[in-house]
Amino acid sequence: MPTIANEKYEAVIGLEVHAQLLTDSKAFAPVSSEYGGAPNTQVTPLCLGHPGTLPVLNENLVRYTIKMGLATNCKVAEKSIFARKNYFYPDLPKGYQISQYETPICYDGHIHIELDDYDKRIGLTRIHMEEDAGKSIHDQDPYHTLIDLNRAGTPLIEIVSEPDIRTPAEAYEYLKKIKQIVQYLEVCDGNMEEGSLRCDANVSIRPRGQEEFGTRTELKNMNSFRNVERALTYEIERQIDLVESGGEVVQQTLLWDPNKLETRQMRSKEEAHDYRYFPEPDLPPIIVTSDLLDEIKEELPELPDVRFERFVKDLGLKEDDAEILTESRYLADYFEEALDILDDPKAIANVVLTEVLRVLNEKSISILDFSITPERLTELIQLKKDDKINSSAMQSIFNEMLENGESPLELAKKMNLIQVSDSGFLEPIIEDVIESNPDEVKRYKEGKKALIGFFIGQVMKESKGKANPKLVRELISKKLELN
Amino acid sequence: MKNLLSVQEQLQSGKRKVTDICEEYLQTIKETNSEVNAFVSVDDEDVRKQATNIQQKIDAGTAGKLAGMVIGVKDVICEKGKKVTCASHILHNFESVYDATVIKKLKNEDAILIGRTNMDEFAMGSSTENTIYGPSKNPANSDFVVGGSSGGSAAAVAANMCDTSLGSDTGGSIRQPASYCGVVGLKPTYSRVSRYGLVAYASSFDCIGPFSKNVTDAAILLEHLAGDDPMDNSSSAKPVENYSEAVAESSGKLKIGVPKEYFGEGLDDEIRQGIEDRLKELEKDGAELVPVTLPHMKYGIATYYILATAEASSNLARYDGIRYGHRADFEKIEEELSLERKELKKAAGTSTALEAADIDSPLIRLYKKSRTEGFGTEVKRRIILGTYVLSAGYYDAYYGKAQKVRRLIKQDFLDAFQQVDVIVSPTAPTTAFKLGENQDDPLQMYLNDVYTISANLAGICGISVPAGTHSNGLPYGVQFMGNTFHEVDILRAAKQFESLQS
């Protein structure tokens, strides 16, 4: 894989991100836009492009887009209009896509991204509303292309960045931030692999210090975060090599091939479509009143940056921990639900960041599908805090809780893991251990104090994990000093 | 005069039956449609079933408000389970899966839908000659056209094949054929009647409206067509006025604007004289005639043919042969393409030349052929024109400019309506022309709409009422235009004008 280490050139990157909105119904038709129905079952005559049908605006399309705009510091246009983007394709039943052109509903925003050694502000040119096309399926019938129009009319927003991005790493962080925000707002599930978040890039290079932009190429088909970074790296390298060897960058659209790890030409400038945009006459202008704006502002959840600050400042969490906890809204929600029950941010963070995240990673599931409720988790933590169980017992019980809905206390009892802090029970075991390990006792007394761990371990083993290690340490030290 | 109210009286009293009325109309259609060609399809059995059903409701006292009205429907308005062809080959086999909002409303009020009427293909034309069904012929003289594009609907009413009919008016397509056939035709304010189920030609102009034999029926029918529709975001939420009551009342002292631009060059002398004489009579009746000016009307046709064709080029993109409608023979296309490739290879000798020649992909050729075979000449002309004016580099000069002129035209009317209630003009510059006369001269054809087109650009309402018979034996109409949502004003003016003649 090529790397970018070029003193001479810098890249100029702008990203266009399409996010599929989680509205219940389509952008302009009262029918479900949920993914995965049998082909052509989620359609109305409008979705099929039947004559005489008219689009009817789904108000949630407007609300969700405004949410995204407000969350990314955009201005919201009081009045904007829809436009038709005209082109022929079999999965575009009306022969045009309803989109926005000259007047996007949100514009002039920005977000902040954090890299290892610096922060950066990336401008957003615009966010506009549009509808998705259907799906052409080329690989199921040897002779025909099949068309599924379930997706036709699914609401999308297109988020266009300013050409403020300079490296593939910045692009990666930008995308991560966009994904985080759409998920926080619950306007999009942010799943790039399934196509609910899609990214195209405009890339050019220029000698460092030059103001003017170079000729750009457009990159498409980068269907994962990793692929965006790889494709950009490849394309920047390609452009630099080209210019260095005396060539010129040609304006064209390139497809990223994730298998071959290279870009190839899709269409040149000459073949570029003339979409013949014009105002959509079937839909009146979208008027955003200050009342509506206030209402939507009220609905906005706490955004990730703000939440992070609060976790660090008010809860006293470490920055790294706060960052991981706030990366997903749902993980942070889970954490805070637990915190509402048990006021011990550090203890909860500790379990969430280790045990919970481990399970989520192992099973590749989201926190929303995690089987242990925040209530149960806090009960477990409370057991530990009360010294009723020790750490290793906690882990065993946690693992059992994944499959078993009973309370941690019940499980601890059943698994016989309630910690024994009864010296009457522990002392015979300790004496036993000291008697059967005279060598270690001798060395301990000679000054090898680290051997205390060995004795504790032996006692824990003999007690089948139930002993309170703190008490064991205390008792053993006392015993050994006396002997 | 016989209108729905008098018919309903007879139905109520049991003197007549809806079933009989329908039989009479079916009989007239049987006798005269082969000559007039107003209807493209009439399902006798279906009509009889509707009639029987509605007669039962009348007998039970549960009939709707339009019971007794027999209505023809322009073949551009969707009726569930019926063929909706728009007189185009590309939709010759297309059946609608849903009812247009206006059809639903008519069915709810127990109107009888007697059949589908002839029209210019996709409502593009002024003569009902651009149709796969052959031209409709003027009931007054079958050598002459009926006007268009809603010519079948106008002729059906004129030839007494139904009481009323539905047409659509994008640039004059209701009012001009009403004038040519001697019936009443009303174009409502844009957005007053839902467009859901009206096959789109130019969405920011299209209006559904009624044809009738008298102003009262037009008022009654409009009352039931109009209203807000959740299926059409462009429909108006304004409450619908009681038009039928309004026309029954005296109109009081009407202020009628007379724009000099509408009585100038190009207008038939006899029509000018006829209308002027009638206006004098109205004046005697108490109306006030006020000279007004609409200076931008002369740009109407040019503006319209940029904006309407632009919208049409997009609206008609869906007819691609992929999901429904006419599709070119794909096997033939594949043969054709392989032959072209072979020929080219023979001629050029290399495969690079083959690539350079850029022969269509099978999909692109399928689009081209399906649309080439499916659309008629006038439709193609407008698609090409509309595509051109929206193209990169031309948009500002054509579409952008035309939108500005459209606003100026609208402003002219707003200014004029500050002074007057309605504006009067001839509906068309001449009486109906001969079949075939303008077929080779589209520009001459477009001039037929010179007096009607501005109302569509401005979005205001207009009505054409019969004004007399020309010495050539053909009827002609007068047009009253009213401000947006002032249907009451034009209906009253039309009613007053109508009563002059009887």
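Cβ coordinates come from backbone N, Cα and C, glycine included.
The following features are taken from TrEMBL:
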type     : residues : note
DOMAIN   : B:21-491 : domain 'Amidase'
ACT_SITE : B:Lys74  : active site, charge relay system
ACT_SITE : B:Ser149 : active site, charge relay system
ACT_SITE : B:Ser173 : active site, acyl-ester intermediate
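Non-local contacts of B:Lys74 (active site, charge relay system) by the CB criterion (under 8 A, 6+ apart in sequence, same chain) comprise B:Arg116, B:Thr117, B:Met119, B:Ser150, B:Gly152, B:Ser153, B:Ser165, B:Leu166, B:Gly167, B:Ser168. Each residue contributes its Cα atom, and for B:Ser149 (active site, charge relay system) and the residue listed as 'active site, acyl-ester intermediate' these two points are 5 Å apart.
Counting Cβ atoms from all protein chains shown, B:Ser173 (active site, acyl-ester intermediate) has 37 others lying within 10 Å of its own Cβ.
The average pLDDT for the domain 'Amidase' (B:21-491) in the predicted structure is 96. B:Ser149 (active site, charge relay system) is surrounded by 35 other CB atoms, counting those within 10 A of its CB over all protein chains shown.
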